[in-house]
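Q: Got a structure here, written out as structure tokens. Questions coming.
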Amino acid sequence: RWQKVLYERQPFPDNYVDQRFLEELRKNVHARQYRYQAVVFQSGAVVQQLCSVCVFVLTWWYMDAGLLSPQGLFGAALVSSLLGYVLFDAVDGGAGRWASGRTRWADLKSTLVFAAFTYGFSPVLKTLTESISTDTIYAMSALMLLGHLIFFDYGANAAIVSSTLSLNMAIFASVCLASRLPRALHAFVMVTFAMQIFALWPMLQKKLKARTPRCYVGVTVLFALAALAGLATVSSVGAVLFASLLLAISCLCPYCLIRLQLLKDNIHGPWDEAEIKEDLSRFLM
């Protein structure tokens, strides 16, 4: 009888296998089973980040067209930041703050230093790209915002994820766009707003998602509606296309993922490479 061993001579060819060979065949051993509601919930991170980019570009357009004053934007951003700061601590009762050991006084000092530094360098930011054509600035900003969306941390464990690179690309795009605004005050407010929506807002999103999923869903829907309403005032066609994109990401793509999971057919068996699970560190001494 044929045995699956190499240390004994057998009257069979080297590539011989008997009828028991496929008895150990297993399919989709490590395949994950997704639920549609769970996938739709996880897609909220992508929807929120797309809306963040949309709101940022719309805000810049309103300031560039003179429809929004820098004082009004700064006041609205300040009020929303204070509300978000209070909500950030209220979600977990301050447990995260106690764990990190960071005080409110430290947060206030960091905010004042950033605001003073940005305000002092706002004339430089305003004239930083005077020698570059406007079309090039728009192209670079679009490319940087696209890179921000690609490298953003949506919660997936992938090599392409880089929160630092994503934030730097968004801030670079905000500096480029701010340099095309009328005055240095506009540039200061624009860069400050970019820091709020690209750095602080995602932190609040993650905490809401982890602590209060229902509140996270509500905030996502309201934020998407606000972005669509703002875009509709600029371009109705753009609003329809953007709404189609959000619906495709949050509804159609999860459905396609669930359907494609049914076609998965990974096979496992005795032909797989051996996995050494024993600790072999003693041989390295």
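Count begins at 1; order follows the chain as displayed.
Cβ from N, Cα, C; glycine included.
Here TrEMBL flags 36-62, 68-88, 108-125, 137-156, 163-181, 187-204, 216-234, 240-258 as transmembrane segment.
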Q: Using a Cβ-Cβ cut-off of under 8 Å, list the residues of the same chain that are 6+ residues beyond the ends of the transmembrane segment (108-125) and lie near it.
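A: Apart from its flanks, the transmembrane segment (108-125) reaches 175, 178-179, 184-185, 187-188, 191-192, 195.
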Q: I need to check the long-range neighbours of the transmembrane segment (216-234): which residues 6 or more away from its ends have a CB within less than 8 Å of a CB in the stretch?
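A: Answer is 41, 44, 47-48, 51, 54-55, 58, 61, 205, 208-209, 242-243, 246.
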Q: Looking only at residues six or more beyond either end of the transmembrane segment (68-88), which have a C-beta under 8 A from one in the stretch?
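A: Contacts with the transmembrane segment (68-88): 59, 62, 107, 183, 185-186, 188-190, 192-193, 196, 200-201, 203-204, 207.
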Q: With contact taken as 3 or more Cβ pairs under 8 angstroms (pairs 6 or more apart in sequence), are the transmembrane segment (163-181) and the transmembrane segment (240-258) in contact?
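A: They are not in contact.
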Q: Six or more residues out from either end of the transmembrane segment (36-62), which same-chain residues have a Cβ under 8 Å from its Cβ atoms?
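A: Residues 68, 73, 145, 148-149, 152, 154-155, 174, 177-178, 181, 190, 193-194, 197-198, 201-202, 205, 209, 213, 216-217, 220, 223-224, 226-227, 230-231, 234, 242, 245-246, 249-251, 253-255, 257-258.
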